[in-house]
């Protein structure tokens, strides 16, 4: 229940606070919770469990830390940069540059960005946009494969590669930690590269992330488990290269949906929640004995899914705002599109 708000919040914060030239880095930092949290939680929990405070202290300490972070968030955060006293005029202009201006019939143009306005979410138009569907498909392949690493890498390292239990704990933490630095690097590079358009950049980065992970899965399936070190390197690379996703479908969601990004990111969160339930069932069904052949099949299945999503994103992915995410005029609580004609079913609205 707590995680349900994460992705919509990241989408809302990025759409409102990140300039279009910094969206990749912004998403990389905001979504790094999955990589940084285990680095904090695992060692601390282990130390608390063996201390005089006992295992209940794990929950008390994490609750206290969460409360402090929430109070900081509640005291500092504002939905709009224009409402924060910490944001000056120059910075506000930089954040707003290139974004759609939401106007109310009673709001002067000069104050539109600061005043804000109410508008409805065009659900039907979003659901008829191909670039949105390939974002969700990429998210499905991405999250399913990432949960395979997060939840079952220890099992593979111990049962198949035959590393000791003591080594397994440390080795299983390496992929997600390195992935954090890859995400920051990929997000920064995507924002700073100017020789390519946004659509080209999100397609290239998404291909690197998904096809790259799939390629390492294939290599992992073909390398004999007796070659422990090379197999471990392939496992680490398969997770770390996925860090390019922040400049792929994640950034595409912000660029295509703009101020409607929270809904698109909310569906990604839903996909993540479903995968958390489905992935363990699939792994249990395909690898009941944790044999090399069973894990090989599992890696091939995920590689195929990643390749399929990557190819479709290359055809239909976008880095441009959809028609329904561009300038709108608001009258009271009702919105009027600047383009009244609805697109054809599943039409590309670039």
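The backbone N, Cα and C atoms fix where each Cβ goes, and this holds for glycine too.
Values in this document were obtained by computation on a predicted structure and should not be read as measured data.
Listed in TrEMBL for this protein:
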{"type": "TRANSMEM", "residues": "59-77", "note": "transmembrane segment"}
{"type": "TRANSMEM", "residues": "133-157", "note": "transmembrane segment"}
{"type": "TRANSMEM", "residues": "163-186", "note": "transmembrane segment"}
{"type": "TRANSMEM", "residues": "207-224", "note": "transmembrane segment"}
{"type": "TRANSMEM", "residues": "230-250", "note": "transmembrane segment"}
{"type": "TRANSMEM", "residues": "262-283", "note": "transmembrane segment"}
{"type": "TRANSMEM", "residues": "295-316", "note": "transmembrane segment"}
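Long-range neighbours of the transmembrane segment (295-316) within the same chain, counting only residues 6 or more positions beyond its ends whose Cβ lies under 8 Å from a Cβ of the stretch, are 130-131, 133-135, 137-138, 140-142, 144-145, 148, 156, 160, 203, 206-207, 210-211, 213-215, 217-218, 220-222, 248-249, 282-283, 286-287, 348. Counting only same-chain residues 6+ beyond the ends of the transmembrane segment (262-283), those with a CB under 8 A from a CB of the stretch are 3-12, 15, 121, 123, 126, 132, 135-136, 139-140, 143-144, 147-148, 151-152, 253, 256, 298, 301.
Contact check: the transmembrane segment (230-250) against the transmembrane segment (133-157) gives at least three Cβ pairs closer than 8 Å, residues 6 or more apart, which meets the contact criterion.
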